[in-house]
Structure formats: structure tokens, C-alpha cells
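For reference, the structure is listed below as C-alpha cells.
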């Protein structure tokens, strides 16, 4: 009998423990390899018990520094991009908290402040780890007394650790990027080794040069090296540089291992053939989608698992369980899949729609509250989650055409709700990109032009003040990518139900049969029907 699957809340803990084990193995291999090279270049004059004890202490201190840096990496890592709060925002919030009675910071500011504190903790951990690792690996390279060697090498390691941490924070390398193709961890790790070596080489070269310049400016250095010959000096410097490179290579491989192990797919299902697989195979997956935190790793892994189940034909027995007779499972899966898309459409609509007076008031409010635009457009940063949700729900809806034996998708109205949400989200994203949809008469729709697009920046009356300056940047890149995913998802449903939709369009029932009742999240019902008609004509 197969062992039971771990609970969602245990997944992150197990992966972190596995990361620590593999990280210690790779770091040990690099540490001993460097020590062997160091002994071959700078052979030891004698062997004693004291030197053995010092070697053991160096090895222990090196692994302790790696553990500190790994723990800070795990604390800051997140699959959801949250921008850190600036120093001015933190200071303003602290002053309001101290001097304004009854004032409490917003949840968004608390999240951003937590990210800022985690970044500061990582910078401190990198400086400390750089100091300890450099002393443990290269303390023997620098001549002179023990205190002098520790100070010189430790200062150099701290400077390089600070440089590495700043590079880490600037490039937002704490984000977990899930690969497009899920490979076995060994092959994913092997493919990332060349990039890790190149990055370690560049950072070690830059850090070594910067530390040398700072030590020269501060007149703090290795006076004892003056007694060395030119050959001995060059060998000494090469060995020291190699030690710095090996230290950064350990950090890069640890980061690579963390990415590979934490972004690997986790199957939220009981083992096939077990009693749970026969009775309720979707309980674990739905529990992870509904009960875990929205920005947690288990929630993202659950969306990844749901997307792969809905898209691929490998676990068809799991997808068939979504179409059980009562329809309760299908409604739950549809609800959790549409929730991020509904949030995207509603928040974008909040920032885009309204009269010019409303837009002016939002612009004034955004000037007094800098977090307002980020709160409105924050869903655009969650491209990975939105992509999985759109692909999962569109594939599941398309497969329901043949696999839904009980007709739960049509009877529950989930197909119309899915199509309406996807269309509303697409219209909202396209409006953010600078495209405005004009509702046209049926006679105009017969022409080749279809929907007439007008650039928002051609006139001041059409440009929402909050996005008039956002004509480029990461948000717009994400918007274009999300729009492509939404179009592909809608075409997936339209191509499957094409015959039924065309029959409804000819009978004048397209809005009744395929658009959800009530006001859409963005736009109007007529606009959604018009957009759906363009998809039917393959002119979207």
C-alpha cells in the first residue's frame, strides 16, 4: 500500500528540509575541493592536532554561515511578487502609529513592510555569512597573526556579501519562478549550473575588486604580504580570489537548489488505487485551494497541480472526479479558479471606469495615498497565478463537452460564468493596455473592422489619469502576457463549443445562453456579446 500524501501545510516544511540537506552536500563538496587546491598551491609546513582542530572549526563555521543564509533566503522567498515599502513609507507609518491616536496601518502596507524587513535581514545575513565563510575558507591564505588574518579576510567577505545581497534585492531574486516545463529536479538543477557559475564569476570579480579598492582607500590591508616574493604574492592572490569565487558559487548553487526544489510540482491527490482515491480524490486539492493563504507556496502549488490536471491527459481519473454526479466538486473548482480572474477584472475596473470627475478624485487620492495605484493594479503582478487559473478553467470547460456525463457544467451555469469572467477580464486588461472598446451597432459589426479600437492617449478625455504615465514597464509587459493567455483560453472554449454558439447566435440567444446574468465585472452585457461574436468570427 502506498504511503499517504503529506498535508498542504507540511509541503513547504518538507521541501525546506530537503533543500538544507542537498545544500549542505553541494557546499561540502565545494569546500573540500577548494581546500585540496589550496593545499596544492600553498602546502602546509607541518601537521598538528591544533591544525586539525582549526580545520574542523573552520568547516563547522562555514556550514553555520550557509545555514544562516539559507534560513534568511527561505524567510524572504515568496511566489507572489509584493513590492517592498520604501524607507519614507516606513518612517511615515511609524510616526503615525506613535503620534496619531487610533491610527492603524493598512494590510497592504504591513505586507510591504514585512518584505522590507526580510530584505534588511537578508542583507545582514549575507554580510555575516560572507565574513564567516571567507574566514573559514581563506583565513590561512593571508599571512600575519590570527587576528589580522580574520580582520582582513572577514572585511573582504563582508563587502562581497553586501554586494551580493544588493544584487539579490535589486533583481528581486527572492521570487519563486515556476518553470514552463516541469522536469525532474536533477535535470532542472543541471541546466541552471552554467548560469550560476557565470554569475558567481562576475560577482566574485566585481566584489574582489571593490573590496581591494576599499581596503586601499582605508589603508587597511595585508602588511605582512610585503615579505613575499612576486610569485608567492601572485599565488596568494589567486588562491584568495578562488576562495571568494567558491564562496559565491556555494550561494548561487544554494539559490538554484531552492528554486528547483520549491517550484517542483506537488500532486495533491491520494495514491492511485487507495481507498481515498476511490471515494474522494479531490479533497486534498480543494482543501489546499480554499484553506491555505492566497500568497503561500502550497496555494501556488495547488493551482499548478490543478492546471496540469485540467490541461493534460495523464491524470484523467482525477479530472473525471471533478464531474461527479452532485456537481458540488465542479462548482468548487470553478469558484477557486475564477476568483483571481474576478479580482483582476474588478480591481482594474475600479481604476479605469468612472466619470472624469471620479477619475480626478482618484488621482488626487492617489497623490495622498501612494499605495492606491499599487493596490488597484496589484493583480497584474500575479501573472503566474492568473495564467494557471485561466488555462485550468478553460481546459476544464472544454473537456466538459465530452467528459461531463451528468451535465453538471451546463446545469450549474458554470460555462456561462466562466466565459463571462474571461471576457470581462480581457476587456479590463485591454483597457489598461490603452485599447478602448466602443459598442457598435449590428450593421457596423458586419463590416471587416469589427470593434473599433481607439488609442487612449489620443485625447485627454479618454485617458484615465492614474494610468496616463504607465505606457511601459513591468505592469504593461504583464498586461500583454495576461491578454494573450486570456485570448487563448477563450478560443479554447469557443473552438470546442463552436457549433452550439453559432446556433445560439443565429437564433439570437447568444447573450442568454453564454453570458451570465447580472452586470459584468467590467463593461456591459452587450459589450461581452459583441466581443464573443468577434471570437466566433476569429477576429478577436
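These residue numbers are counts, starting from 1, taken along the chain as shown.
Heads up, the Cβ atoms here are built off N, Cα and C, so glycines get one too.
What TrEMBL records for 20-37, 49-76, 82-99, 119-143, 149-169, 240-257 is transmembrane segment.
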Considering the transmembrane segment (149-169), which listed stretch of 20-37, 49-76, 82-99, 119-143 counts the most C-beta pairs under 8 Å: 119-143
Maximum Cβ pairs under 8 Å to the transmembrane segment (119-143) - stretch from the list 20-37, 49-76, 82-99, 240-257: 49-76
Positions on the same chain near the transmembrane segment (20-37), where near means CB under 8 A and six or more residues out: 55, 59, 62-63, 66-67, 70, 137, 239, 242-243, 246, 249-250, 253-254, 257-258, 261
